[in-house]
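Taken verbatim from Swiss-Prot:
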type: BINDING; residues: 52-53, Q130, 176-178, E196, R201, 242-243, 263-267, 273-274, Y322, G492; note: NAD(+) binding site
type: ACT_SITE; residues: C410; note: active site
Amino acid sequence: MNRRLDNDRTIRAPRGRDISAKSWLTEAPLRMLMNNLDPDVAERPSELVVYGGIGRAARDWESFDRITAALRKLEDDETLLIQSGKPVGVFRTHADAPRVLIANSNIVPHWATLDHFNELDRKGLMMYGQMTAGSWIYIGSQGIVQGTYETFVEVGRRHYGGSLAGKWILTAGLGGMGGAQPLAATMAGASMLAVECQPSRIEMRLRTGYLDRQAATLDEALAIMEESAKTKKAISVGLLGNAAEIFPELVRRGVKPDIVTDQTSAHDPINGYLPKGWTLADWEAKRASDPKAVERASKTSMVEHVQAMLDFHAQGIPTLDYGNNIRQMAQDMGLKNAFDFPGFVPAYIRPLFCRGVGPFRWAALSGDPEDIFKTDAKVKELMPDDKHLHNWLDMARERIKFQGLPARICWVGLGDRHRLGLAFNEMVARGELKAPVVIGRDHLDSGSVASPNRETEAMKDGSDAVSDWPLLNALLNCASGATWVSLHHGGGVGIGYSQHAGMVIVADGTPEAAKRIARVLWNDPATGVMRHADAGYDIAIDCARDKGLDLPSLSK
């Protein structure tokens with residue numbers, strides 16, 4: 001019996017003000033857990049898989065049922081502990097403590113290998129939580145669309161005089177994270193050709209408006225890119241195929257995209273990357289019968305994929321790793337210069353991290369889109385001079401379809417997050433919003449992750465692999481009063497390559513919530529400024545001084 005498969009269930013978060021838990025502080029994690037498994041949100045909800053290969057919301061269906069039952073009974077001075085998707089304890093704490101503490105996929109470093117994780121996973125002792133799957137704050141592809149948009153815009157500034165009009169981007173992967181790429185590209189003014197091996201993913205991105213159309217052949221896709229370059233009208237096109245075949249073919253043809261990247265689930269060579277020449281049926285069967293053969297074949301294919309990216313890079317085409325660890329996988333198979341092209345964080349995003357700017361997000365527990373539109377307006381009111389942010393919010397309202405509970409992603413930093421959170425809480429208190437909102441973020445943030453091949457790649461002081469920082473971030477968020485806090489391993493880049501922390505706080509309109517929000521939404525981004533100031537980044541040092549952070553190791 002497969003305890004992780006239930007084709008008879010359809011999970012959707014409740015809407016409205018009626019709650020089945022004892023307070024909004026426990027109703028909120030209940031709804032967000034359920035929202036992660038909404039069919040409009042999750043990739044394979046019947047298997048509890050939310051996104052990112054096998055990133056799950058709960059370890060198995062029995063654990064899911066026990067978590068939901070525990071949340072409904074939880075008192076406002078109790079804390080539920082989750083160990084890799086399984087509820088293991090309820091303890092008396094206090095009203096300002098987190099209601100839920102989550103640890104996912106954490107393994108003692110010497111044993112933190114994919115093989116050992118898979119053994120534990122098969123035994124039912126662990127699950128892969130990715131970043132926001134197991135921490136219950138995934139909001140669909142919107143969750144990464146602004147970060148991807150900001151990256152593409154910055155590429156345009158650096159390489160193309162500030163405009164991507166008439167340019168096109170080559171990428172692969174249209175899963176939960178990669179599915180944001182086509183919309184991010186067209187919002188940034190560029191066209192995109194996205195290669196995807198699974199028809200269902202292309203269909204989902206078409207259905208949700210993230211992808212404009214599908215091409216039947218590579219020739220058709222290239223013709224569309226050529227026409228869009230002439231007209232300077234941005235369009236996104238999905239092509240069913242394998243990137244390990246399509247990317248090298250484009251190199252052979254002498255085709256020159258304007259930007260090259262990739263968001264396949266290469267971090268998981270068994271469950272996330274289809275080997276070249278294999279059918280989906282072959283892949284699925286072999287994953288169960290001979291996972292090592294799948295891993296070898298996948299990594300061999302990644303070598304061809306990355307070599308093509310290196311070839312584009314050698315031609316002077318901006319080429320970037322978008323954080324799926326594909327360079328590492330190729331290097332492991334003998335491609336020595338796999339890291340010749342950069343990751344997106346050191347190349348384009350780190351200056352934002354130095355100021356604590358990152359993927360702030362919130363979701364309306366009412367289920368009413370109007371609550372999000374009202375909060376959009378409040379963000380504009382409180383940040384009247386940030387025209388770039390206003391433009392983002394306008395485009396998001398016009399072009400992003402909500403998946404599950406209505407939500408918004410909005411990159412803001414230290415000094416702004418707590419102001420927005422307090423304003424949202426006041427809107428709930430005054431009845432301007434129909435129900436409370438939850439405020440969280442991706443684990444991909446300035447102070448909450450150690451990932452030497454992604455967020456902390458090429459740190460100025462060489463501290464790429466120091467993972468004290470996400471541990472401190474999680475501990476501080478617990479002490480500050482976040483509603484739930486998570487500490488994960490392996491998200492984004494795979495087992496053995498990252499540690500990271502998440503937090504969510506509920507704005508329920510109470511004065512007590514306001515105090516917690518003020519602490520959490522100041523302290524959380526401040527750890528990012530602290531981390532980068534400690535590494536010697538002048539932007540972060542200046543920000544720390546400007547914001548009055550007390551950093552004892554920072555010279556006065």
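Heads up, the Cβ atoms here are built off N, Cα and C, so glycines get one too.
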Message = Is it possible to get the count of other C-beta atoms within 10 angstroms of the C-beta of E196 (NAD(+) binding site)?
response = 28
Key: Residue among binding-site residues G52, G176, G492 with least C-beta crowding, 10 angstrom cut-off   = G492
Query = Taking each of the recorded positions A243, C410 in turn and counting other Cβ atoms within 10 Å of its Cβ, which one has the fewest?
reply = C410
Note = All chains considered, the count of other Cβ atoms within 10 Å of the Cβ of S265 (NAD(+) binding site) is 26
Inquiry  = Taking DSSP as the reference, which of helix, strand or coil describes G52 (NAD(+) binding site)?
reply    = coil
Cα distance (Å, whole number) from C410 (active site) to E196 (NAD(+) binding site) = 27
Query = Could you give the Cα-Cα distance between S265 (NAD(+) binding site) and the residue listed as 'active site', in whole Å?
reply = 24
Ask   = What same-chain residues, at least 6 away in sequence, bring their CB to under 8 Å of the CB of Y273 (NAD(+) binding site)?
value = T264, S265, A266, S298, S301, M302
Query = Rounded to a whole number, how many Å is the Cα of G176 (NAD(+) binding site) away from the Cα of the residue listed as 'active site'?
reply = 18
Inquiry  = Please report the Cα separation of G52 (NAD(+) binding site) and the residue listed as 'active site' in Å, rounded to an integer.
reply    = 22
